[in-house]
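*Asks:* Could you have a look at this structure, given as structure tokens, before my questions?
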Amino acid sequence: MSGTAGTAICLLRCDLRAHDNQVGAPRVSVGPAPLVGRVRRDSPASRPAALTARSVFLQVLHWAQHNADFVIPLYCFDPRHYLGTHCYRLPKTGPHRLRFLLESVRDLRETLKKKGSTLVVRKGKPEDVVCDLITQLGSVTAVVFHEEATQEELDVEKGLCQVCRQHGVKIQTFWGSTLYHRDDLPFRPIDRLPDVYTHFRKGLESGAKVRPTLRMADQLKPLAPGLEEGSIPTMEDFGQKDPVDDPRTAFPCSGGETQALMRLQYYFWDTNLVASYKETRNGLVGMDYSTKFAPWVLFELLWRDYFRFVALKYGRRIFSLRGLQSKDIPWKKDLQLFSCWQEGKTGVPFVDANMRELSATGFMSNRGRQNVASFLTKDLGLDWRMGAEWFEYLLVDYDVCSNYGNWLYSAGIGNDPRDNRKFNMIKQGLDYDGNGDYVRLWVPELQGIKGADIHTPWALSSAALSQAGVTLGETYPQPVVTAPEWSRHIHRRPGGSPHPRGRRGPAQRKDRGIDFYFSRKKDAC
């Protein structure tokens with residue numbers, strides 16, 4: 001321990017946990033502080049501030065423990081995160097993610113209290129809150145935080161650096177939001193990052209290592225004398241109501257590290273479900289078909305890393321209408337079509353089921369996300385940013401780099417090595433929900449339709465619809481669009497060939513895994 005007197009403020013943003021944190025070399029600025037770090041355009045707390053892949057919180061705390069007498073873990077509820085999105089002014093943070101965030105903040109406070117500290121909580125812009133604390137305490141010698149990848153955090157960090165420069169306070173930063181550290185990539189400078197994920201993955205496998213982890217001290221340094229921890233706000237403080245729990249949800253979990261560790265224990269050791277992950281990950285119904293780690297930490301860590309490094313490479317271009325490939329595509333901005341997609345009233349049952357699940361629970365399977373994104377961009381031809389901003393509002397596990405990276409990918413203007421990739425909604429429904437159980441769960445007005453026919457109600461006879469209690473255009477919408485390629489699958493058995501209607505057997509879903517992404521067959525999607 002250096003014995004340096006003073007107080008260190010540990011500003012937490014997207015790192016509300018204490019476990020599994022890698023050791024990283026800090027970036028230091030002493031006295032007048034230049035701008036540090038790389039940051040993202042989108043709001044840090046508008047995505048799940050619960051857990052990131054290799055959270056930097058412990059790095060920040062570890063440094064403060066060794067360089068200050070008093071340590072202030074600080075989380076700010078930034079009012080900018082609860083305003084409108086950049087392009088279409090949709091709400092930035094919806095009720096599902098807000099509740100998850102509040103639960104995460106409460107959980108971390110309890111964890112820190114067991115270590116002799118606590119989490120200081122304030123409402124306000126981080127740069128303003130930090131300025132007030134520096135003035136109030138008179139003993140702050142350092143402000144410590146982690147670096148991010150896109151623009152809005154750049155603005156926050158710029159403000160923090162200005163405040164610290166004015167008060168002669170040191171800025172100390174770390175990189176810790178990826179499994180592989182930025183400085184350990186075999187692609188340096190970042191301009192050399194491959195534009196195809198497979199090349200990125202192979203490069204890491206042959207030339208990079210994951211850094212070791214840190215462990216939290218048994219006893220943490222106390223807060224500065226006289227500093228109050230502050231109350232944790234409620235949903236009502238943000239003008240939102242606590243969302244109603246839906247018994248159909250595939251994600252009945254709460255925010256916070258404690259819940260995350262319980263899920264980890266259950267999935268890996270209590271049930272060994274991880275052994276069958278490859279075979280079940282494209283499921284749609286229930287808790288156990290996939291890890292459900294995403295709101296705490298995205299399971300496909302390399303994909304998550306990749307999109308974060310793509311954001312570092314391309315900067316603001318990941319938010320550009322023309323995307324990374326600078327393509328001029330005549331995107332539509334039809335708000336009526338967009339509303340049908342938002343509300344799950346497109347008349348395409350597989351799309352509608354996924355969109356209704358998202359609205360009701362804040363969760364959607366990876367399979368569903370790919371399909372509804374393809375439908376919005378390729379079948380409806382709508383501006384991909386409309387979908388990206390709607391996901392930002394609703395997803396519990398929203399992550400700015402992964403969200404925008406995936407939407408660019410779906411829109412055909414990102415890192416997809418294959419041109420004009422398009423999902424066939426009917427084929428996808430038959431492949432992954434062959435008997436229609438998932439659609440039946442979320443689109444109850446179609447429950448009377450038996451088997452796989454539920455995926456194409458417009459193709460049924462009037463008599464069949466009447467028997468099922470369905471009136472298209474009244475009890476369920478006519479499809480807002482029908483793609484010509486869908487017709488090849490309307491009379492197909494799930495997982496089989498076309499056959500007369502009414503003689504379908506049970507679903508025979510076969511996991512396609514990574515083969516799906518690299519299939520060269522014309523009908524792969």
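Don't overthink the numbers, they just go from 1 along the chain as shown.
Glycine is no exception: its Cβ is also placed from the backbone N, Cα and C atoms.
Okay, these came from TrEMBL:
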BINDING   Tyr277, Asp397, Tyr398, Asp399  FAD binding site
COMPBIAS  489-507  compositional bias 'Basic residues'
DOMAIN    6-179  domain 'Photolyase/cryptochrome alpha/beta'
REGION    487-513  region 'Disordered'
SITE      Trp331  site 'Electron transfer via tryptophanyl radical'
SITE      Trp384  site 'Electron transfer via tryptophanyl radical'
SITE      Trp407  site 'Electron transfer via tryptophanyl radical'
*Asks:* Compute the C-alpha separation of Asp397 (FAD binding site) from Trp331 (site 'Electron transfer via tryptophanyl radical'), stating it in Å without decimals.
*Replies:* 27
*Asks:* Taking the Cα atoms as reference points, how far is Asp399 (FAD binding site) from Trp331 (site 'Electron transfer via tryptophanyl radical') in Å?
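*Replies:* Distance (Cα to Cα, whole Å): 24 Å.
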*Asks:* Could you tell me which of these recorded positions, Trp331, Trp384, Tyr398, Trp407, has the fewest other Cβ atoms within 10 Å of its Cβ?
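*Replies:* Among the recorded positions Trp331, Trp384, Tyr398, Trp407, the sparsest Cβ neighbourhood within 10 Å belongs to Trp331.
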*Asks:* Measuring Cα to Cα, how far is Tyr398 (FAD binding site) from Trp407 (site 'Electron transfer via tryptophanyl radical') in Å?
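*Replies:* Here the two Cα atoms lie 12 Å apart.
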*Asks:* Among all protein chains shown, how many Cβ atoms are found within 10 Å of the Cβ of Asp399 (FAD binding site), not counting that one?
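*Replies:* I get 24 for this one.
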*Asks:* I'd like the number of other C-beta atoms within 10 A of the C-beta of Asp397 (FAD binding site), please.
*Replies:* 25
*Asks:* Using Cα coordinates, what distance in whole Å links Trp384 (site 'Electron transfer via tryptophanyl radical') and Trp331 (site 'Electron transfer via tryptophanyl radical')?
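*Replies:* Trp384 (site 'Electron transfer via tryptophanyl radical') to Trp331 (site 'Electron transfer via tryptophanyl radical'), Cα-Cα distance: 8 Å.
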*Asks:* Roughly how many Å separate the Cα of Trp331 (site 'Electron transfer via tryptophanyl radical') from that of Trp407 (site 'Electron transfer via tryptophanyl radical'), to the nearest whole number?
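*Replies:* Given the Cα positions, Trp331 (site 'Electron transfer via tryptophanyl radical') is 14 Å from Trp407 (site 'Electron transfer via tryptophanyl radical').
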